[in-house]
Amino acid sequence: MTTDTIVAQATAPGRGGVGIVRVSGPAAEQVAEIVLGKLPRVRYAEYLPFRDEQGQPLDQGIALLFKAPNSFTGEDVLELQGHGGPVIMDMLVRRILQIKGLRPARPGEFSERAFMNDKLDLAQAEAIADLIEASSEQAARSAMHSLQGQFSGKIQQLVESLTRLRIYVEAAIDFPDEEIDFLSDGKVAGDLYAIMAELDDVRGEAKQGALLREGMKVVIAGRPNAGKSSLLNALAGRESAIVTEIAGTTRDVLREHIHLDGMPLHIIDTAGLRDTQDKVEQIGIERAWAEIEQADRVLFMVDGTTTAAVDPREIWPEFVDRLPKKIGLTVVRNKADLTGEDLAPSQELGHAVYRISAKTELGLSALREHLKACMGFQGNTEGGFMARRRHLDALERAAERLLVAKEQLEVFVAGELVAEELRLAQESLSEITGEFSSDDLLGRIFSSFCIGK
């Protein structure tokens, strides 16, 4: 239970028609009486002057008072909606801070108090920040679905299923003399398999939700004059990179951020890779490799007029040897307008091969679809939810625990070990909603929020 009262501007800094100052805590009513000269009717909008310490009006606007627990934070809350000039907002906040017991809110503290007072769970609290930071319409819709509890509901359903299964398994352990062998009657295995399937579905949705939030990093790499910068320009839809016939034109990393059907895509053009004595070009090549090694996918650009090869190892074995195994590689044969080769995508020795013309944009639509498919993107995200990297990690750990539980059940018929793995899976899932989270984790999450949220 908090004893202090916090205040902050809830709207973004800067000039605007309306600015909102939010107060939350036990002294909210006292603030209202001092600043407004009266106590507004609860949950009714009243148009009132906001007064300074001498009783002179600082501003005038709408005052809204909410009583605990019927507020965003679950505490007494006062919201003052005035004119959105930065000077006016600052004067109003400073006036409120003169009142005893008031202090400035930390970043995310209003949402943190809402979480601590069970007004929303941790995934919903994170969805507030994701909604504010959404970079596309689909990302905003998915964040709203998370805020409304869609993601949390799926997690809670999994936790409840695990709880019921744990009860059944532990009952079998506690009553070993019963005539029925509970662990071998098929119910435990059937329920466990159903939970694992349900978890896999949620993991798939969460991966797409994380994709909408974070996007994927695609690095265009290859030898000089393969058409890397031309592809960057074609994907970006503008002349972002300088394109010439001179090898080594691109000497530094160029970045473009675009959206493909709502999916954030971070495209990085790099210097052509080759042996060179040019010090500046060498630095560019070192930076290129640094980006390649952190990519989600590499587009390996090949000048189709110089070779008919499609196997990257045949084209450049040293490049393939240095590329980290975890990074996906797509071969992009450029200048198909000159070679006249078939544009149909193909699979060659485990690598996708696309034929395009970065100059005329032949085959570019197929490459765009490939990039979306690489991250498991699906066109229909209307019912999706937003997810973060920590959510994916928690889901992955829960899945690993259930795989161990499955082995303990099928191979060893070890009820105690099955129950323990189910408990660990529950803990991992509960981290997502905050039912089982360390103070350090909560601090990191809420400190990343805006002040006033």
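Every residue gets a Cβ built from N, Cα and C, even glycine.
What Swiss-Prot says about this protein:
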type	residues	note
BINDING	ARG22, GLU79, LYS119, LYS453	(6S)-5-formyl-5,6,7,8-tetrahydrofolate binding site
DOMAIN	215-376	domain 'TrmE-type G'
BINDING	ASN225, THR244, ILE246, THR249	K(+) binding site
BINDING	225-230, 244-250, 269-272, 334-337	GTP binding site
BINDING	SER229, THR250	Mg(2+) binding site
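Secondary structure from DSSP puts SER229 (Mg(2+) binding site) in a helix.
When secondary structure is read from DSSP and collapsed to three states, LYS335 (GTP binding site) falls in the coil class. Separating the Cα atoms of ASN225 (K(+) binding site) and ALA271 (GTP binding site) is a whole-number distance of 10 Å. Ranking the binding-site residues ASN225, SER229 by the number of CB atoms within 10 A of their own CB puts SER229 at the top. Of the candidate binding-site residues, ARG22, GLU79, LYS119, ALA271, LYS335, the one lying closest to SER229 (Mg(2+) binding site) when CA atoms are compared is ALA271. Minimal Cβ crowding within 10 Å, among the binding-site residues ARG22, LYS119, LYS228, LYS335, is found at LYS119. Taking a C-beta cut-off of under 8 Å and a sequence gap of six or more, GLU79 ((6S)-5-formyl-5,6,7,8-tetrahydrofolate binding site) has these contacts in its own chain: ALA10, ILE20, VAL21, ARG22, VAL23, ALA63, LEU64, PHE66.
You'll find the Cα of LYS228 (GTP binding site) roughly 50 Å from the Cα of LYS119 ((6S)-5-formyl-5,6,7,8-tetrahydrofolate binding site). Model confidence over the domain 'TrmE-type G' (215-376) is summarised by a mean pLDDT of 87.
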